[in-house]
Structure formats: C-alpha cells, structure tokens
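This report refers to the structure that appears directly beneath it.
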Amino acid sequence: VTEFILLGIAYVSHWKSLIFIVFLAVFLMTVIGNSVIILVVRLNISLHTPMYVLLTNLSFLELCYTSITIPNILSGIISQSGVISFSGCIVQVYLFTSCATTECILLAAMACDRYVAICRPLRYTAIINRMVCAFLVMFAWLSGVLNSTINTVVISKLNFCGLNSIERFYCEGQPLIRLSCSDTHLSDILATVSAAVFGVSCLIFILTSYLFILVAIMKMRSRSSRHKTFSTCTSHITVVILYFGALIFMYLLPTDGSSEKMDSAVSMIYSTVTPLLNPIIYSLRNHQVIGAVKNMMRFRCSLKSSHTCRGGHTA
C-alpha cells in the first residue's frame, strides 16, 4: 500500500460546496479566535500569569490541530478525492498524536493551577511561579513529541498489504493499526500504554483536583464567594468535558463496522469543534480577557482618532 483513502472526505462529495464552506469557516474562525487570545495575553502585562501562559499554549495547540487536519480536508474536497500518500498519512499521525498528548497534559496543568489558586491561595505565587509554569509547558510539549515519536515509528514499520480505506477525515493511529496485515501486538501495547499514561491518568488527575476544589468551595460561607470562585473554573471544566468526553465516547465504543462512521464524526469534535470553541468559551466566561480585548479596541480607536486629528491639523 502506497496510499490511503480517507472515506470521510469521499462521503461528503455530494455536498462539496456546502461542506467546503463549513470547513473553511471553521478554519478561519479557529485561527482568528485563538490568535486573538494569544495576542491579547501577550500585549497585556496584567495577564502574564501562569493561568494565561497555559491558555496561550493551549490556543497555539488548537492552531496546530486545525492546521494539521482542515487544510488537507479542504484540498480533498476540492479535488473530490480522499487519497493521501503513505508518508503524508504517517506525518499526520505523528503531528496529531503529539498534539493530543500535549493537550491532555496542558489541561491537567490548568487543573493544577486552579487547585492551587483556590485550595492554597496564600501559597499560590510560591508554588505556581514562572519556573514551575515553564517546566509544565516544556514537559507537555516534550511529552507530546516523545510519545508521538515512539508510537509513529512503530506504526510506520507495519506492513500494509490489503485494505487502504480509513473511516476518517484524517489519519489517526488506531484506524491505521487496524488496517495492517502484520503483527500489531507492539503497536497495540504502545497505544494502550499511551492512552493510560497521558489520557486516563490526566483525566483522573483533573477529576481529583476538581473534587478538592469543590470541597473548598462548599466550605465558603458566602454564596457570592462560592459563585465567584467557581466561575473561574467553568471555562476549563467546559473544555475538559468537550475534549475528554469525545475521547471517552469514541474509545469506549466497540470497534465494529457500525461504529466506524460514528467514530469519524466524534473525532471531528476534538480535532475541529473544540479548537473552534476554546477561544469563545474562555472569552465569554472570563471577564479579564473581555476587559483586555475592550481596552485594546479602545486604544486602537484612540490611536486612529489622534492620527486623524494630526492629519487634519497639518492640512
């Protein structure tokens, strides 16, 4: 096998124009939304805190997600072909696995940040300082690269001599392993270990953190204090539910033919929908981000006004 057919792209050929517009709109909105988040945090000194450093890395990760998948989908829709070369598929698996691993750890790091901020507020600056934050970010990205490298190298060594159709819009590790005609024992073990270490363990860590956070919030006497404190976590909770909910739904389903199309649809949630919704969720539920955006807009308007006034005065 020298190429694979992505059946997800082939299925939408009947609604080519509509699907192309939808994916293009999703891609543009995702790029703009996450770029705005990164720009706002970078330009506002008040947002140079561990929480927002982690948020900018998450936004950059979402840009990577969509850049890996959607451009290839758009190209396939235009050419009316879901064909992707073997090397192109392996590269996509490598990048996608790296991003998925990194996101799990970043979401866990953000849960840790919320736990310390709420349960250990007096020691927050001592525990979550710049060095610790930088370590968490570096650990997340390096873990993604390392895990992806190990899994992808093993997958690339498999023999593919039969079926070459993948029920996806893009290449993923598990569907590719199921197409192999050689022994996939090692690949299956690595995939299971990877899911356990970076998926299940991160989810358990997040749930445990929020259990302690919930206990701390319930101990607060003031109802307004409880509401205000919990509101700082709602954005992160929403993203965790969307991302891990899609992963759990997809990987707990039996791997028979009836679930393949459902897996393809669910996989689009954490690869395209979640990156699109992340900036919206964090913007609408975060007053600091909204305030920073408004200040940037006011500053830009004032610069334009002063420039117009100077130009009129010179004339």
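Cβ atoms are placed via backbone N, Cα and C, with glycine included.
Annotated features in TrEMBL:
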- 18-41: transmembrane segment (TRANSMEM)
- 33-282: domain 'G-protein coupled receptors family 1 profile' (DOMAIN)
- 53-78: transmembrane segment (TRANSMEM)
- 84-110: transmembrane segment (TRANSMEM)
- 189-217: transmembrane segment (TRANSMEM)
- 229-253: transmembrane segment (TRANSMEM)
- 265-284: transmembrane segment (TRANSMEM)
Query = Cβ pairs under 8 Å with the transmembrane segment (53-78): which stretch of 18-41, 84-110, 189-217 has the most?
reply = 18-41
Query = Which sequence positions outside the transmembrane segment (84-110), separated from its termini by at least 6 residues, show Cβ-Cβ distances below 8 Å to it?
reply = 1-6, 51, 54-55, 57-58, 61, 64-65, 68-69, 72, 76, 136-137, 139-141, 143-145, 147-149, 151-152, 155-156, 160, 170-173, 176, 194, 198-199, 202-203, 205-206, 236, 239-240, 243-244, 270-271
